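Everything on this sheet refers to the single structure shown next.
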Amino acid sequence: MVCNGGEYAVHGECCPMCSPGQRVQKHCNNFSSTTCIPCVGNTYTDHPNGLEECRRCKFCDEELKLIIKEKCTYTRNTVCGCRVGYFCHVFHDEDCEMCEKQTICPPGSWVSIPGTVTSDNVCEICPKGTFSAANMSTVCTPWTRCEDSGMVEVKAGTSASDADCGSRGYATVVAVTVCVVLVLLLISAAVVFYWRGRKTRLYVPPIQEAEDRCPAKREEALARVPENGREIAIGIQETTLHPGVLAVPGV
């Protein structure tokens, strides 16, 4: 059944539609027109209709990082948007259905294309000779030229930090300090090696008693015996018959 504009078909009849923000309470008949009543509570209708129930307002799910951008009215549904730091990943008409976290451009990079409600940030690395020290920097700053101010560079710049400058006297002090530390380390190493070598040379293995090495060997000694006014050396040895008694050859 085809009805004119502004009408809807029901039970073989064409009835006048209700206005936005209303719904049908009673359909028309041969004796009366359509009876309409306003939407109530968290419901709406956003166009002329022949609905018997108003539509339920949309819920913005916080777990999907959604927030209410526009509250629901009797004639318009809720419009959801994204929390700060997020962009709409799934967009339908003017309404967002899912959000995604925006990329944070870290130190050492800059934001070449800022994100929008429907797009992410685009980051680029700082060119050589420049740096950015903070997140989401919009520009990269050139390194400081120490020589322009009559100073010397004591630390080179990086993509995330500037060059450090110091006076020429400071640079000399640093160089001397480094040299002194190296010399002290070399001296300490030499002392350690010297004492290790000295301990090795002073070590003498214990000597066992002669009796333990050769228990059967007889000890001999030399004694000096005066003869005709002068001393001669003769061998003295312990007798086997009388241990402890020394025998002198020829005596």
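From the backbone N, Cα and C atoms, a Cβ is placed for every residue, glycine too.
Features of the protein shown, as given by TrEMBL:
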- Cys15-Cys28: disulfide bond (DISULFID)
- Cys18-Cys36: disulfide bond (DISULFID)
- Cys39-Cys54: disulfide bond (DISULFID)
- Cys105-Cys123: disulfide bond (DISULFID)
- 2-36: domain 'TNFR-Cys' (DOMAIN)
- 38-80: domain 'TNFR-Cys' (DOMAIN)
- 81-123: domain 'TNFR-Cys' (DOMAIN)
- 2-36: repeat 'TNFR-Cys' (REPEAT)
- 38-80: repeat 'TNFR-Cys' (REPEAT)
- 81-123: repeat 'TNFR-Cys' (REPEAT)
- 169-195: transmembrane segment (TRANSMEM)
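On the structure: features taken from TrEMBL.
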{"residue": "Cys15", "record": "disulfide bond", "Cβ contacts under 8 Å, 6 or more apart": "Glu7, Tyr8, Ala9, Val24, His27, Cys28, Ser33, Thr34, Gly50"}
{"residue": "Cys18", "record": "disulfide bond", "Cβ contacts under 8 Å, 6 or more apart": "Val24, Thr34, Cys36, Thr45, Pro48, Asn49, Gly50, Leu51"}
{"residue": "Cys39", "record": "disulfide bond", "Cβ contacts under 8 Å, 6 or more apart": "Gly21, Gln22, Arg23, Thr45, Cys54, Tyr74"}
{"residue": "Cys105", "record": "disulfide bond", "Cβ contacts under 8 Å, 6 or more apart": "Val111, Asn121, Cys123, Asn135, Met136, Ser137"}
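Looking only at other Cβ atoms within 10 Å, the busiest spot among the disulfide-bonded residues Cys36, Cys54, Cys123 turns out to be Cys54. When DSSP labels each residue, the domain 'TNFR-Cys' (38-80) comes out as 3 helix, 13 strand, 27 coil, counted as helix, strand and coil in that order. Neighbours of Cys28 (disulfide bond), defined as other CB atoms within 10 A of its CB across all chains, total 19.
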